[in-house]
């Protein structure tokens, strides 16, 4: 009989090895999937994982990994703080949208004045917008005990409507012949979140993501607040005795994740995306939840998980273009990858034993 | 079974690899889609155009596509990817791809780009769009005759010029044949949510509409009309012939095939130049699906005559005298709207109730 | 503005239809969460149910067989979640999200052949005298059978949770799995069954969209209804009747805002379009005075040897 035995200590070796095993397993299963769709499995797998990093056009795709990964990491870092404490912000997508709206709003308000102060103001406005949007569920929770999962999720839909309304009304480009969408901030130097070094994909959002990783690592490991967050998640009763004030923690965790999501939205709208439009948001806020858990809520893990997700997106698009794989197949493949990564994590904490259990 | 498929897959791949060596003299055409090819509407029809290109040129072309590409940086990356992989001609089929297309086009002066529904062009970027409002004029005529309650329901997606133009065109022509007609307009505020479209159609029917026009792509309104029994609908984007002869009595079909074939041919011949194409019924970019026998013969004849008049250029759907909703003059007697005004249309014509959301 | 154009009878009848997919999925998830498991993969299971039901109905010509197939497909997909969370003890939140991603992709692959196909129609139940009653006839007796099934299911789940031994065990497992285990209940087995039930319900909800409410197949057609269903369970404080109420409220606000638009009420459309979500939040704030809380073990993995 096969059974699981809990390891006294999580295995370090396995915690390093499982992601690799999972990726290999996904390659095998994904390969079978691609083969049943009539595509060359080896070629498909190679295209997804190898092409963006080391292929002929890697010079272009590598910077794109940063562009795609940065918002995911930035949002996921914020979410991970709350998730560790058992505070569930599912609405990062909404905070991302609002951050983009407030950030872009400030920039557009100054148009066409050129000044170095505009961009920093936009950064502040973006962070504030996301923070304020996250404060709604936070305050409702601390005041009335309203469930934050539901409120934050509902606010995503509200934010989407606001976004549509802004792109059709207030922020519509006056020189856009009546079409929806704002001015392109890429063409407005003071508001443009440009690449810091051309051709590297490195923009302020990437820098912010890296700072967030370091900051979150320090917070969780070296700071009293981080200790309280971890304690609340792992042992809520103990946390109470240790003097943790739940309300303050809720305000902090939701506020921080909202601010980071807002920042991500602001950096996106002023940089890679360039304009406020009806379909500005592409689901980063939801994907970041997966990234947070894939990274085991650990800052460095999140960094790696964000990079991996970005890789599968970019590689997936290349596979669509080059091999004619439907995007649905790529989605299934990503789903498999997540399943294997999550399931095999088991081996870190448990060992598989064969034989009868000892009588305890 | 899996093993045989695996082997078959490998064989196919080998075949492709062998073909790859000859790829040099093929014209490579890329398509970037905003939705899945299985959306049965906008993207589906563009993909039909792509398949028509393959059919037309056979071995001489290679087409590639990427579906579900979000507007913004993802679009820019995918367009760049196609250009890097040696595409000669790239069609970007959503309004939101406008700036990304222009950005990429700057980096690849030798690749030709075609952006659908936008207004920014360059040396190597053309734009193309369809005069769907001509089809709306035909629908409006039929709708005006067919309605008995004099209430026509209209489901809009977002209040953008494209949709508003359609509403105006349909209203003008419905009013022409039926002065008592009234339009009830519901905005879904989504491009794609079949369940919401179904609800919107039901609401309009419940409020007395017996003709439904839709500017959304799902067949949900057709099914709602069928359930109601006595409501007339029109196919949108695709023919939706599965609901003919009733409730679907006609349709507007996006037919991109002739344009895609012509532009591919131009690239092959080296005659491609940057143009702004806005084609209607005449060149076949807007198709009018068969008008079924549920429509009385004289109405059908009138609708077809209107269609022919627009196809030949003898009649324009926006011909004065026309006033704006607020009563101010839009077009004087006999005056024809210019394309600039039409492209950015953001007002209702006189007679339509309600205001355009902003 | 012409409010008299709004027919309240038809409005109620259509909000019942709009609410049914939500209700089916929410009731399933409610049982899952009662057993202490949080499955965020509702959207994925719904969409797979939508295409499986659609395909089966088209192939067999019977909408009812379609619904059966949808329930089976939803349950099969949820089996994957069982393997992830009950066998491999993976994190439930992440597994659920992965399930949604997987389901969306899988449904699109399954549905390639079915775009633009018209499914067989599901008739309304027409009870000769009752359906013709004024007002109540249309609201109460003029629907399809699945809608009644949804209400019956709500009643059944309520009764089982409240009065039966099965319900007691389910709640025990959800509140404290270690204690339940100590009492000799098979925690993993019970949770597995609950998850499969939830999957089947979500599948039914999906098929209701593709076979009755819309009816057609298009990729991604559930368009977020699974998420709303999840939210509804929290909204309902894990009480079946309140889930019904919530589903009708949400469906109702959606239908009412469209009605107001069509009647030409001078409220900006974008605010009307936001209203279902804002009103849900508002009601939630009011309801949060009720302190009945989530099952205590919700979202936690269980392993017998600890």
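Glycine is treated like the rest: Cβ placed from N, Cα and C.
Record features (TrEMBL):
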type: TRANSMEM; residues: C:6-25; note: transmembrane segment
type: TRANSMEM; residues: C:37-58; note: transmembrane segment
type: TRANSMEM; residues: C:64-84; note: transmembrane segment
type: TRANSMEM; residues: C:96-115; note: transmembrane segment
type: TRANSMEM; residues: C:135-161; note: transmembrane segment
type: TRANSMEM; residues: C:193-214; note: transmembrane segment
type: TRANSMEM; residues: C:220-238; note: transmembrane segment
type: TRANSMEM; residues: C:245-265; note: transmembrane segment
type: TRANSMEM; residues: C:271-289; note: transmembrane segment
Are there at least 3 C-beta pairs under 8 angstroms linking the transmembrane segment (C:6-25) and the transmembrane segment (C:271-289), leaving out pairs fewer than 6 apart in sequence?
no
Among C:6-25, C:96-115, C:220-238, C:245-265, the stretch with the most Cβ pairs under 8 Å to the transmembrane segment (C:64-84) is C:96-115
Across C:37-58, C:135-161, C:193-214, the most C-beta pairs under 8 Å with the transmembrane segment (C:96-115) come from C:37-58
Outside the transmembrane segment (C:193-214), at least 6 residues beyond either end, the same-chain residues with a Cβ under 8 Å of its Cβ set are 17-18, 20-25, 27-29, 31-32, 34-35, 37, 39, 42, 45-54, 57, 63, 66-67, 69-79, 81-82, 85-86, 119, 122, 144, 146, 149, 153, 170, 221-222, 225-226, 229
